[in-house]
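Asker: Look at Swiss-Prot and you will find 83, 182 tagged as heme b b562 binding site. Here Swiss-Prot flags 97, 196 as heme b b566 binding site. Residues or ranges marked as ubiquinone binding site in Swiss-Prot (evidence: similarity to another entry): 201. Summarising the annotation, Swiss-Prot assigns transmembrane segment to 33-53, 77-98, 113-133, 178-198, 226-246, 288-308, 320-340, 347-367 and lists similarity to another entry as the type of evidence.
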């Protein structure tokens, strides 16, 4: 078997990626989230496949088909709640994975980092179109509000919105194409994930110290396969606890009501994992400005490799930037909270302050702290 896995054309790829891969000996549990994201993607594709067997993408039957899955299909309720809460687990792992990349300076591996940003955007798009499929009140109005933002684009905006809708409002054509997008996008994510891994294995993994670890590498298997299995076990434990005991805790009560174009919900809001970006969107009074800020809130991650002037990789020995980093995380949590609040004082003002802080930290404060720390090293 040893010779086979090293010489067989297919097994050789697996061997170099997951078995004999030289890995830094000191990577911590924060490095587990890549494999957890892979596990989440597998869970989402499998549960989604079984849901697609019973779901109908028609405005008249979509809502009742979801109810049918929960009531009449064997373990349909479990598959549905694993899929819905699996999305939340996916985004928790995603945010931690990106946060770890920022903290330990993994963005210096720019190809891997940029593919990661594309993966994040694709996952967000997949989750958005998926949220529309149950055709509840929040599904319908969320789709209407978010797709309508494209009308802010000069000249082509209105045409673009009608083109995406497939008509003059969110209707049957919209639901059908959103189902098609939701089905195909996870496979595109899987393809991008392989490219992400390909670029990562070209350079090798980063490690908590930020130092070159070429002289201290160990094989991925069995050391990190066991470690990843523990992470996967804990992830499944949390996911099953969510799906079995608190299945609707992260959902919106409005989505238990079938979509009604004539009745607008009091507060239209997306799923919790989009709330930080939604808060940034709402904090700008101008429509086009809000849309640009929304897009920039994710694309600004691409600025990290460009704005990096530090002589050290990672924040482990940089207390000034560490402090700013944790303020940034706290600010993100504030934005998430504000995104779920009504548009009224004092929430609008807090949202505006938090939005300005979000961009200021990335573009101004972190580069300044890098320079300060570089000068301290010279002393």
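Just so it is clear, glycine is given a Cβ too, placed from its N, Cα and C backbone atoms.
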Asker: In sequence order, which same-chain residues at least six apart have a C-beta under 8 angstroms from residue 83 (heme b b562 binding site)?
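Answerer: Set apart from residue 83 (heme b b562 binding site) by at least 6 residues yet with Cβ under 8 Å, we have 44, 47, 48, 51.
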Asker: So if I measure Cβ to Cβ from the residue listed as 'ubiquinone binding site' and keep only same-chain residues at least 6 apart in sequence, which ones fall under 8 Å?
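Answerer: Correct list: 16, 17, 21.
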Asker: 10 Å Cβ neighbour count around residue 97 (heme b b566 binding site)?
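Answerer: Other Cβ atoms found within 10 Å: 20.
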Asker: Over all shown protein chains, what is the count of other CB atoms within 10 A of the CB belonging to residue 182 (heme b b562 binding site)?
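Answerer: By my count, 22.
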Asker: For residue 196 (heme b b566 binding site), list the number of other Cβ atoms lying within 10 Å of its Cβ atom.
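Answerer: Within a 10 Å radius of the Cβ of residue 196 (heme b b566 binding site) lie 21 other Cβ atoms.
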Asker: Any idea what the Cα distance is from residue 196 (heme b b566 binding site) over to residue 182 (heme b b562 binding site), rounded to a whole Å?
Answerer: 21
